[in-house]
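These come from Swiss-Prot:
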| type | residues | note |
| --- | --- | --- |
| ACT_SITE | TYR157 | active site, proton acceptor |
| BINDING | 8-39 | NAD(+) binding site |
| BINDING | SER133 | substrate binding site |
Amino acid sequence: MVSALLRTILVTGGAGYIGSHTVLQLLQLGFRVVVLDNLDNASELAILRVRELAGHNANNLDFRKVDLRDKQALDQIFSSQRFEAVIHFAGLKAVGESVQKPLLYYDNNLIGTITLLQVMAAHGCTKLVFSSSATVYGWPKEVPCTEESPLCAMNPYGRTKLVIEDMCRDLHASDPNWKIILLRYFNPVGAHPSGYIGEDPCGIPNNLMPFVQQVAVGRRPALTVYGTDYNTKDGTGVRDYIHVVDLADGHIAALRKLYEDSDRIGCEVYNLGTGKGTSVLEMVAAFEKASGKKIPLVFAGRRPGDAEIVYAQTAKAEKELKWKAKYGVEEMCRDLWNWASKNPYGYGSPDSSN
């Protein structure tokens, strides 16, 4: 990779689940990192732990509590130093909440991104890696999902991702100096192997495995499985689960692409998944095996809006980013349990809001 030394990367949402794992990898590679996060759905403790894990590179991390909609604060940060690139994770991400509070999501995710892009443009910073999502595929009629599959977000959260993708495409079309990579994640799972950082959803979890984790540590009595009559191997929904460390690697690969292929990059999109589908019951069984815990199940009807089968075609990322997921479901569940057993209340405590 082009030498990381003296390169400073701005990471928005860097205190969050995927952000914190990516920040750690950047530090370990020798980058300087400035993290911006408003801590709405993240904990500053994640940043403190990333510092500890980074060892002698900890001093290369600078944290600022900032909301991306605060243009004046952003402008001051960009005026104070030069950023080689921006990795943009920041945003609200609970699908269910987005249906109940659409304006909150449009305001936070869209206005925050517009403000960020305006300030980047004003300061001549035109390299961007953006966290998009497989939610932009909606309910795919065919799997695996390729980067050319039809886009049809089914909820306000997914629509914010799709609008931002379009915004990035329009931005590059208007000014080819912009070099942008859009990463469509599938379902992140697991934690850093140290068990020191991991997923800590403030409030109610949004995804399957944090629910499983809460049942395993005694915070919930049972896991509710929604839908047992899908046309799948065991009747439950199938998703493409990917280890968060593999996802972090994908961001490093995207950053490398922005540097090394700068002349050929426009606004590119890549799926980040394993290319394999795993059912809800298969994930539960793998977690039970990894943890030695029995997860009581309650079966319920399908939830409106849940797709039957979603998994990625990953050939483009493998070919162009030289990236491929290394870890399987067993490692995801092993590392998730290592984190959950050491941090049953995430970064909080039993009497905190977590």
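For all residues, glycine too, the Cβ spot is worked out from N, Cα and C.
Secondary structure from DSSP puts LEU24 (NAD(+) binding site) in a helix. Under the DSSP three-state reduction, GLY16 (NAD(+) binding site) is assigned to coil, being neither helix nor strand. ARG32 (NAD(+) binding site) and the residue listed as 'active site, proton acceptor' have their C-alpha atoms 31 Å apart, to the nearest angstrom.
With all protein chains in the displayed structure included, the most crowded Cβ environment within 10 Å among the binding-site residues THR8, THR12, SER20, GLN28, SER133 is that of SER20. Across the structure, SER20 (NAD(+) binding site) and TYR157 (active site, proton acceptor) are spaced 21 Å apart at their Cα atoms. In sequence order, ASP37, ASN41, ALA42, ALA46, PHE89, ALA90 are the residues of the chain that are 6 or more apart from GLY16 (NAD(+) binding site) and have a CB within less than 8 Å of its CB.
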